Structure formats: structure tokens, C-alpha cells
Amino acid sequence: MCILGSSGSGKTTLLDAMSGRLRRTGTFLGEVYVNGRTLRREQFQDCFSYVLQSDTLLSSLTVRETLRYTALLAIRRGNPGFFQQKVEAIMAELSLSHVADRLIGNYNLGGISTGERRRVSIAAQLLQDPMDLTSVDTQSKEREIETYKRVQMIESAYKKSAICHKTLENIERTKHLKTLPMVPFKTKDSPGVFSKLGVLLRRVTRNLVRNKLAVMMRLLQNLTMGLFLLFFVLRVQNNVLNGAIQDRVGLLYMFVGSTPYTGMLNAVNLFPVLRAVSDQESQDGLYQKWQMLLAYVLHVLPFSVIATMIFSSVCYWTLGLHPEAARFGYFSAALLAPHLIGEFLTLVLLGIIQNPNIVNSVVALLSIAGVLIGSGFVRNIQEMPIPFKIISYFTFQKYCSEILLVNEFYGLNFTCGSSNVSVMTNPMCAFTQGIQFIEETSPGATSRFTMNFLILYSFIPALVILGIVVFKIRDHLISR
């Protein structure tokens, strides 16, 4: 079958209608028969598939792995040998066996050829057992006019032929048969929600682990930022006149401000490809978009914990912050939360905004605004206008900053130059104990320490739930 037409003439819309991708819009005229049986509109997707013009595949998986994960998402029952035989048969049919263990790659970093990528996309559709794989959606403007003329000649000749009349007669006669063959629907026994989530989690994790640069970025970018601070400050002191308070406040400000940004960089770099894959595969009915989001969230957690521990272990003890093991644990836990919040906030926005660069800018501005309004390090919250005071309670930076402030300053005693320096000589000597600075900056923060932790970590499930809602809305808006 060949579908020919100029750009915007409706070729893709026709294919979407045939394959059941037009879920909510469009008026359908006429009837569709399969084996003489009338096919309802909601059954189109269960019979037909087509391969999109662009190949959206995960570059760090092999051809065999790509097809195996598709089979696991599409079919519930079957032992490992069943899936292996099905994948091997599809690869043999499409001449992919010789590249089965090669990475998909991309157009910049090698991998399989463009034609092989196209055949992998076709194989992924065939694994869903469609009755018919409709024509691949392609556009070639250079040969469009010439092809159109040739097709017109073929069409005209075919309509006058005896074969055409006989085919139409056979179709009409089939409608009136008493015993009609069954419609060969796709496999309906698909895996459950949790099974699909497990397959997606394994696929996302394997794709990331193969990307060494991405793994290094995720694990070491916080440490890279920390090394700059480490060489800049070297080691905090207890002498107020030598910057004991100023250095600590500056460090805490940078910790609170930078960790969400590094989380955002992860999501902006890694998730858009997964989003594109989920947009395509969800239209094929393999899973829903929010399941890909949740799989990404679950794969993030261990990497983020390890990255935060590496960063904290190097910076906390080298800088000479409060020398207690428990304080180190609180410090690490307090910085893990904003790192995750920054990444999950980015995921929510990526469900709304298509361009990752715009999301980058929005998250950066929100992080800066949150630190300015919520931390209390730039300006005392008590002295802010009432609207900003109210907004500060909705920023995670407020709770993270109070935790870090209490964790570092509580129980510290400061010196102020020589023993004969008085408060009248230098007002900075008024702060000789850490508790004094805590009460001046965030009154009552010591009594809110546990509550601040609970509120800070409540942002994480709230953003995950919001992300699921956003991606459900995205699914509704993208489906036509």
C-alpha cells in the first residue's frame, strides 16, 4: 500500500485513524471490515500498527535488549525461552541477527545504521502481533512529484483491470458469508501495572549504566561543585573576626542553592529521550506515560544517595564542619532532599514544557528565588514584607536552611580575636555562641528541627504525585 500526498494533506492523520491513534478527535465516515467482520473504532489499535517517521530508541541498549523489553511490555505470559524465541524470530525475519548484540547508538556516536534502526522500529511493532503493519510514514519531497505521476498511472491501469473488479467482488461476497473467520487481534494478555513498571525500571537503569559519561555526571557533579568550595574556603575557623560565621553561612547558602540545580541538570540531560520514547510507546498501548516517569524516579534514588554521600564525605570533614558523626548524617540527609526536589521539579515541568532549555531556565530562576526568599541567609525572614514571608513557607529552601543552620551552629562556641577585645570595640563579638546566631537568624529553629525534616521530605512525594498527574494530563492532550 502507498499513501501519497503533499505536506499537510493528511497522510499521518489517515495512518493515525487506521491504527487507532485518534482517540478523542475526528469524525469517521464509512466502515472497516476484517475477515468480513465489522471493526469498531475502539478496536483499530488492537489490529493495526505503523512505524513513525522518526526512530525513537534508547541508544545504550543493544538491538536484542530493545526488542526483548518491548516483548516483555507487550506480552504477559511466557517463559524466558518463549521471549527469546520470539525476539530471535523477528530479528531473523528482518535481517537483524548479525547486529543483535550491537548498541543502537545515535546519529552522532555511531551504532547500527539508519536502515537497521528503521528495521528495529518495525520489529518493535511486529512484536505486538498486529494483523497488519501499515505503510511506514515517510516523506521525500525530492521525489514526491515523480512518484505521484507514476502512482496515478498505476492506479488508472489497475482500476480498469479484471483483477480489481474481482477483488471488489470477493470483498463484497465475504461480507455475506454465514461463517466468518475471527479477527486476529493483537495479544490482549499484557502484563500488569507493576510488571510493566519493573520492566521499565530495568530498561531505564541499564540504559543509564551503559552511558559512562552520564553515570559520572550523576555521581560526581555535586562533588565537583564541592571541590571548588573546598579550595575556596579551605577550612572554617572559630574566630569571628576571621570569618567563622561568615564562612559557614556562605557555605550553607551555596549548599542549599546548588544541590537543586545539579538535580535539574540530571533530568534535563537524561529524561527528554525517555519522554519521547514514552510518548510513542504509550500511543501503541504498551504502557502509560506516568509509568515511565515513575520508573525514572525509582532509578534516580540510589544514584542520588550515593552521589550525596560522596559529596558530603569529602566536603564535610575536609572543611571542618561540626565534628560529630550524627551531625554528618543530618547534613547528608538535609542535602539529599533538595537534590531530589530539584530533579523531580524538573520532571514535572518537562511534562508541561517541551523545550528542555526553557525548563532549565525556569528551574534555575525558581531555585534562586527560593534561596533569596526562604533561606534567611540573604535577608532575615522576619524583616521581609508580609507577602514574601508567606511565600517563604512554600519554599523547600526555608526548611533545608534551618536544618543546616541548627545542625552546624548549635553547640558551637566562637572566639573573637584576643581576650581584651570587647563588644564595644567590634560588634561582631556579640556572637560568641552558635545558639545566639541561630536565634537571631531563624528564631525557634532548634525546636522545629524534626518538623523541618518532615516538611522538607514531604516535598518529594508531593512532586512525584504532581508529576504523575501532569503526565496523565499530557497523555490526554497529546492523544488526538
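Just so you know, glycine gets a Cβ as well, placed from its N, Cα and C.
The domain 'ABC transporter' feature in TrEMBL is assigned to 2-130.
TrEMBL lists 197-409 with the feature domain 'ABC-2 type transporter transmembrane'.
Residues or ranges marked as transmembrane segment in TrEMBL: 219-238 (among others).
Remote same-chain partners of the transmembrane segment (250-272), defined as residues 6 or more beyond its termini with a Cβ less than 8 Å from a stretch Cβ, comprise 208, 214, 217-218, 221-222, 225, 229, 233, 236, 296, 300, 304, 308, 319, 321, 335, 338-347, 350, 356, 359-360, 363-364, 367-368, 370-371, 375, 377-378, 397, 400-401, 404-405, 408. The transmembrane segment annotation in TrEMBL covers 250-272 (among others).
Per TrEMBL, transmembrane segment is recorded for 293-319 (among others).
The transmembrane segment annotation in TrEMBL covers 331-351 (among others).
The transmembrane segment annotation in TrEMBL covers 358-378 (among others).
Marked as transmembrane segment by TrEMBL: 449-471 (among others).
Proximity of distant same-chain residues to the transmembrane segment (449-471), defined by a Cβ-Cβ separation under 8 Å and at least 6 residues beyond the stretch ends, is recorded for 288-290, 293-294, 297, 333-334, 337-338, 340-341, 344-345, 347-348, 351-352, 396, 399-400, 402-403, 406.
Ranked by the number of CB pairs under 8 Å to the transmembrane segment (358-378), the listed stretches 219-238, 293-319, 331-351 are led by 331-351. Sequence-distant contacts of the transmembrane segment (219-238), counting only residues of its own chain at least 6 positions beyond either end whose CB sits under 8 Å from a CB of the stretch, comprise 244, 247-248, 250-251, 254, 258-259, 262, 265-266, 303, 306-308, 310-311, 314-315, 318-321, 339, 412-415.
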